[in-house]
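Notes for the one structure printed next.
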Amino acid sequence: MMERKLTILYGSQSGTAQDLAEQIWRESKMYFFRGNVLPMDEYDVSELIGERFVVCVCSTYGQGEEPDNMKRFWKFLLRKSLPNDSLQQVHFAVLGLGDSRYPKFNYVAKKLHKRLLQLGGSALLPVGLCDDQHDLGYGAVFLPWINQLWDELGRIVPLSAGTHKLPESPREFRWQVDIAKEEHVTKDISPDGIDLYADVKMPNGFQTVVAENRRTTAAEHFQDVRMITFEKKAVPWCSGDVLYVRPHNSKESVDQLFEIFHQHEFGLDKQTCVQVKAIDSEMPVPSILQKPLPLVAIAEQYWDLTAIPRARAFAVLAKNCSNELEREKLIEFSRYEGQEELFAYANRPRRTILEVLLDFPHATKSLTLEALFELFQPIKPRAFSIASAVESGKLQILVAVIEYKTKLSVPRRGLCSHWLKDLQPGNMVNAWVRKSTFQLPADNKTPLVMIGPGTGLAPFRGILQERELSETPASAPLVLFFGCRSSTADFHCEEDLKRMEQSGMLQLFCAFSRDQPDKVYVQHLIKKEGMLLKKLLIENGGYVLVSGSSKNMPQAVKEALIEAIGDAQHIEKMIQTNRYQEETWA
């Protein structure tokens, strides 16, 4: 029988591609495949020539960029010196994760698929294009795609006579987890003092201290927006760059988790130390979990207690559930056929994993330590545009604190924004800086038209501050369309913007949507400025930068610009030549 080896590689920015790659790895065990699951940059790419079956899962973020942990791998594949038949015995499949609101939807997966074909590889199946915008999330494409993958592999390397696919994966869990022996636990660590990520070196990573955390909206305004100032560190950044932080769960969530453990008599408390061990080399333990750790540190810094659970979590809960009714429901949520029901139960009301544990008490009662590490997703880092220039001596971000109602009685809260809101001056924070997806013109005489409603203002405030503080004041026209609800409630950075306007450096157009009976948004103001915009964009080759919510705003702005300058083709050409750029977020 031919060796059944399947190598699974992922490029993941926020962790979702990793989750799906691990799911493929787990299922591969039902078909008796062996093989590693690794970030692309941790795989020795020179070994690719010798592989027979490879699955690549990769996300696209920003303006069609590949994730950090696949950059080296991708650079190697692009080498001109690689012969066109180098991968001729490789059968590959590429699954992409993207968001169809972005012009370069799933760009990375499409490019990778094409390049592997160019190098002589043969595709097991068409590239799978998962869309975050689909009502059923990534599962809508992923679940049928993975079934097709097993069918295709089964055709090429059928199981030997008398061997059948296993009913469930023998590797249900990634790792073995034990309660650590007393003598292995360092006595002098108080759980409060543990920083799980202290030794994780990020490119451009640093520790900084909160200098100020100030609310920028009026006290009576429904939305709490914060300008958070960190002490400037020796890490350089450029206008529009992005600060990444990894939040912690709130004390309330952590307490609620241990209350659930207590109710079900798990015999686990905050001080219980656990040791996570690899079962084999295919699924190594992440460096941060390699030493014995008190559960409270894992609950606070590693498990995302506010995440909306995916299908996989319901499969884990169903595993040893003794209650027939609960088990049936959980199995339904974990299957492709039940994705609409899952969406209505979990995604639409934004139900958290802790709330799910309360809804399924019998399933929760049967959980083990191993299962907990499958059930909870790791906390993912969050990104914020830097709202200040290096020259200001401060690193600042503008954060809208997320809180809203759904049909559930408890308001939904953004994990990271609430963690940031509660930071006090003097608190230490681990952070790292990444390049912005905005690429500013090299010549600072090129006009910039910036459109940033709400906290979309952040990168533009950084750009403007840099121009204001630079030795050579900008001679280029700088135009900003800013939108908020009210000139008195949520006009962020009002003082700065008015000062820049008065000095003649900036032309400012403000849309205060609720200050008059008719709602006025940035797109309404854009439509009125046809003469100015034609001059800046058509005659003077200016750039358009759009920042803010990815919901309806980017499309409305694009339509308003086309109407203002009366030339849809010119806007399309600007997009093609990267003179029209968007940095938006959900």
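From the backbone N, Cα and C atoms, a Cβ is placed for every residue, glycine too.
TrEMBL has this to say about the protein:
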- 6-150: domain 'Flavodoxin-like' (DOMAIN)
- Ser12, Gln13, Ser14, Gly15, Thr16, Ala17, Ser59, Thr60, Tyr61, Gly62, Asp132: FMN binding site (BINDING)
- 203-441: domain 'FAD-binding FR-type' (DOMAIN)
- Arg350, Arg382, Ala383, Phe384, Ser385, Gly414, Leu415, Cys416, Ser417, Trp585: FAD binding site (BINDING)
- Thr455, Ser513, Arg514, Lys519, Val520, Tyr521, Val522, Gln523: NADP(+) binding site (BINDING)
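When the binding-site residues Ser59, Ser513 are compared by the number of other C-beta atoms lying within 10 angstroms of their own C-beta, Ser513 comes out lowest. As a whole number, the greatest separation of Cα atoms within the FMN-binding residue list Ser12, Gln13, Ser14, Gly15, Thr16, Ala17, Ser59, Thr60, Tyr61, Gly62, Asp132 is 15 Å.
Look at the binding-site residues Ala383, Leu415, Val520 and count other Cβ atoms within 10 Å of each Cβ; Val520 has the fewest. For Tyr521 (NADP(+) binding site), the same-chain residues 6+ apart in sequence whose C-beta sits under 8 angstroms from its C-beta are Pro453, Gly483, Ala511, Ser513, Ala556. When every Cα pair among Thr455, Ser513, Arg514, Lys519, Val520, Tyr521, Val522, Gln523 is compared, the largest distance found for this NADP(+) site is 19 Å.
Around Ser12 (FMN binding site), the same-chain residues at least 6 positions away in sequence with a Cβ under 8 Å from its Cβ are Gln18, Ala21, Pro39, Val57, Cys58, Ser59, Pro67, Asn69.
Here Leu415 (FAD binding site) is compared against the binding-site residues Ser14, Tyr61, Thr455, and the shortest C-alpha distance is to Ser14. Put simply, of the binding-site residues Ser14, Arg514, Gln523, the one whose Cα is nearest the Cα of Ser385 (FAD binding site) is Ser14. Neighbour counts of Cβ atoms within 10 Å were compared for the binding-site residues Thr16, Thr455, and the top value is held by Thr455.
Note on proximity: among Arg350, Ala383, Thr455, the binding-site residues of the record, the Cα nearest Ser14 (FMN binding site) is that of Ala383.
Distance from the CA of Arg350 (FAD binding site) to the CA of Val522 (NADP(+) binding site) is 30 Å. For the binding site of FAD, formed by Arg350, Arg382, Ala383, Phe384, Ser385, Gly414, Leu415, Cys416, Ser417, Trp585 according to the record, the largest Cα to Cα distance is 25 Å, rounded to a whole number. Take the CB of Arg350 (FAD binding site) and look out to 10 A: across all protein chains shown you find 15 other CB atoms. Rounded to a whole value, the Cα-Cα separation of Gln523 (NADP(+) binding site) and Arg350 (FAD binding site) is 30 Å.
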